[in-house]
């Protein structure tokens, strides 16, 4: 008999001994058992062979051909998306039924773990807080919290360092629930740990719930945010740690699901994390094989661990995430020992663990269990308590985190006090980054221009501003999606942030626009004084719109430096020429869309962007050279719209011409010609609609008097939205079709973006 045969016999004997022990019972034969056992060799076969996300046949438990469990063997998937041959349904994915392990007294960190009884109660408390909250709201995703409760407990109770009464303590460990639909897992953990911030069961939102680091929900955003958080820690540690004082020292933990793994953004961000060797990033992959449409076998069968190894990650597999507490602890310990790579811990779990009829099905993914199934789950897991009840021994066990957290912060504060005495300059910079308080007089560093200054593209003027600000803002850090020499975003006084030079401040994102935006969100949310910027061509915001929207939603003050802002980019043609982009971002809440016309307005745009730490900014910048205009100003940009020239009196011009960016020059030229004909003409720069809309009614009337209805706007973009400013009697000149390939001068003429067309429109009013 072969060694393999002996191994299989031992496995079978171990299993049979296990199920015959006192206290073990099989579930209702008609129930969907959350602990699945694969069929024996004689059981029903799948329609095609499959390796579930890196598992191999040798990992699966083989049973005798004659052994059958009616509740388990040959059960079909319940997803409506796949109805396989009823005569030959696929068996469920492999699961091991094992006894619950006792909690180890020696845990991953210095914290003391719970006793076996309290551990089990604690894990089930997490499950039922999630179940009860989703049930009460009649909305939510109970399945992930039920499956991930063990790893959540170990992280928050045994591993992570935090202060519940000061969720913003700088040196805390960060946790991100990338699979944000399972938010009740995090809310339950925050509640047990002593945070005062949990309100309801919507996806995690950092701006509503202290203790939540980033806003997740759209799958994949969270893991990319976590890369940004870990990147920020690596950068600050490299800049500020000393041989005798490691003042920056914390980990970023993240739970990702199958959906996160499918989204392309996760691969973009994790590829960069592997390249940079972010060793303090530890990701837990909740490998439960269920998505909304059913078993992931229908669309997602790759070996995730192998992919992450190829990305430069260290990988570990915890085969039993339901009860394998010691295995989870060991995996974390191993991950923390790997300093030069991020770690992916694949934790195979059962979604909806404990639910007799819905575990391991898509129905537990996106809706409440229902009253009957909640009762059945209580009986199945031996939970006699009322909804939302936390047993006293669990409450007592978790209560230590409040004093422990306060002690951790006090210890760090004392450490920082010593650091400040010995390294005062570095301490001052770090305090600026931690507090978000801008250095006194920082805006004075911004360059100023006169009409005599040479014409230049606003992308070049942007680089002058960035390099000026880098000298006075210690938290400014950023880069481009492989377009630094075209976006003009390099900080000349610094090198590249690479694996061996993380103290530098130029980030090389590669061609990863979506990941870039989400990583910058993580950087911005790590510390109030970190000011990340990122860049690409304006049209490629289409690749990263979801991340930009999350910036706006979660109040992350990222600065988006977007060059090649119009058809003025020329020969690259319509694929690279933005048309609808300006108005699309003007429609997005809580974001500033700025389109400066010259040097002073570019400097003003940066001043606004830096000041708005809870509102992201997009700077749309030209490729072509533009003149420095008389009347432009930094102060005017702060109001969003202002008058750059006017030959009228009494706030009664005959005509108002409005422009932004490269077209403001055209409006100014048209005004000069019309004035020669005796007209009184006001020229308005409407550089930022959002800021202008926030001004007082008196100020808006001083710029656009209601009595003056003769108005013409000109902008190299869609005309949608301009009716608000030109009114029903005015005219908007713009582009409501795709662009074309031609030199800037010619294409402007062909599309009617000229002073002559503005004059013609003005005379028709």
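Note: Cβ is positioned from N, Cα and C throughout, glycine not excepted.
A quick note: this is a predicted structure, and the numbers were derived from the prediction, not measured.
According to TrEMBL:
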REGION    1-62  region 'Disordered'
COMPBIAS  44-53  compositional bias 'Basic residues'
REGION    78-99  region 'Disordered'
SITE      141  site 'Important for catalytic activity'
BINDING   181, 217, 218, 219, 259, 288, 365, 540  thiamine diphosphate binding site
SITE      365  site 'Important for catalytic activity'
ACT_SITE  513  active site, proton donor
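Cβ neighbour count for residue 217 (thiamine diphosphate binding site): 18 (other Cβ atoms within 10 Å of its Cβ, all protein chains included). In the structure shown, across all protein chains, 141 is the one of the recorded positions 141, 181, 365 with the greatest number of other Cβ atoms within 10 Å. Residue 288 (thiamine diphosphate binding site) sits 14 Å from residue 141 (site 'Important for catalytic activity'), taking the Cα positions as reference. Long-range C-beta contacts of residue 218 (thiamine diphosphate binding site), restricted to its own chain and to partners at least six residues apart, with a cutoff below 8 Å, comprise 180, 546, 550. Counting only same-chain residues six or more apart in sequence, the Cβ atoms lying under 8 angstroms from the Cβ of residue 219 (thiamine diphosphate binding site) belong to 178, 179, 180, 257, 259, 260, 262, 263. If you check the recorded positions 141, 365, 540 against the residue listed as 'active site, proton donor', the ones with a Cα inside 10 Å of its Cα are 540. The CA atom of residue 181 (thiamine diphosphate binding site) is located 6 Å away from the CA atom of residue 141 (site 'Important for catalytic activity').
If you compare Cα positions, residue 141 (site 'Important for catalytic activity') sits closest to 365 out of the binding-site residues 217, 365, 540.
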